[in-house]
Amino acid sequence: MNAHDESQQHADASAPTTPVVLAATRWGRVRQLVVHVAAKAWSDSIFAKSAAAAFWQTLSLAPLLLGLLGSLGYVGHWFGPNTLNIVQSKIVSFARKAFSPSVVDSLVQPTVNDVLQRGHGGVVSGGFVLSLWAGSSAMATFVDAITAAHGQAAARHPVWQRIFALLLYVGFLMVAVLILPLIALGPTLIGRVLPHAWREPGLRLIDAFYYPGTGLVLIVGLTFLYKTALHRTLPWHRLFGGALVAGVFFMAASEGLRRYLAWVTRTGISYGALATPIAFLLFTFFLGFAIILGAEFNASVEEFWPSRATRFEQLRMWWSSREHRRAAAAAAPSPKPEDPPPPPATDQRSVRTMP
């Protein structure tokens, strides 16, 4: 620590701790954090990585729906005979809230209808393989961006990181296959379980918290992505802030883009056949931008306020240091045995000759 740091610490210690000073200091740190996040995101090429993620997401959309809704054919009968129709309506209604009407009518809804007409045999088709390749490439882009934001880009072998992204994508796909019917049929199933007297207020309560609950599930899933993507992970509560920032940014960007597209439609300005793919690319770009921005936020918070290592990390570091000491002890040269001391000299004058 140099003299400047010591004088700064003495100045901070001698400064008056009034509420106004504390508030100014707090807002100053927040402003520094925002500036640091922006500078770090720019230096980590957030626009290029978001564009790459948007490309892979767009390429994997149709085969992803093919695999996802096709897999629902195996588990749909667990939840009722009309599960696929209800899931279809929920997907289209959610897409209308997130995307523009042209994207939904020209891309999302025809793809969903086509997938449902083909049935669950499409799981083993080439489209599902394409979904695995393109979707895992998008996931690999996110994993690379998250690890690079935390300075862990070289922590994993590149081949293993690509395989890890594929496994992570397959895991998210399996969880989505199980959770999607629950999200779609949640109000109906809970309405059957509740007593008759509680059914009407219970359904009203579910309708009030349905979309906030769905958003919370997505935030938790994004936090899980931040948690598993890191080689040296952070505590859960230190990653929730980045997921919240990503969710808020994506919702704000989506709303702004929807308003812009609505204004363009009203004014008569049209891009022709390119309007739908351009709009969808912009939405996927904002999604990738939001995820990477959340990772940059978590990394910046970790730099400003470092967290303690998790118990798993402490155990891993203890085990690594133990193995290192054991290897160092085994590699150290063994001490050479000392030469035995010479026998004591005998005084010839004290030796008597026996007769």
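Placement of Cβ uses the backbone N, Cα and C atoms for every residue, glycine included.
Per TrEMBL, transmembrane segment is recorded for 53-75 (among others).
Under the heading transmembrane segment, TrEMBL lists 123-143 (among others).
Per TrEMBL, the feature transmembrane segment maps to 164-189 (among others).
Among residues of the same chain six or more beyond the transmembrane segment (209-226), those with a C-beta under 8 A of the stretch's C-beta atoms are 142, 146, 168, 172, 175, 179, 183, 186-187, 236, 239-240, 242-244, 246-247, 291, 294-295, 298. Under the heading transmembrane segment, TrEMBL lists 209-226 (among others).
According to TrEMBL, the transmembrane segment annotation covers 238-257 (among others). Among residues of the same chain six or more beyond the transmembrane segment (238-257), those with a C-beta under 8 A of the stretch's C-beta atoms are 98-100, 215, 218-220, 222-223, 226-227, 279, 282-283, 286-287, 289-291, 293-298, 301-302, 307.
Under the heading transmembrane segment, TrEMBL lists 269-293 (among others).
What TrEMBL lists as region 'Disordered' is 326-355.
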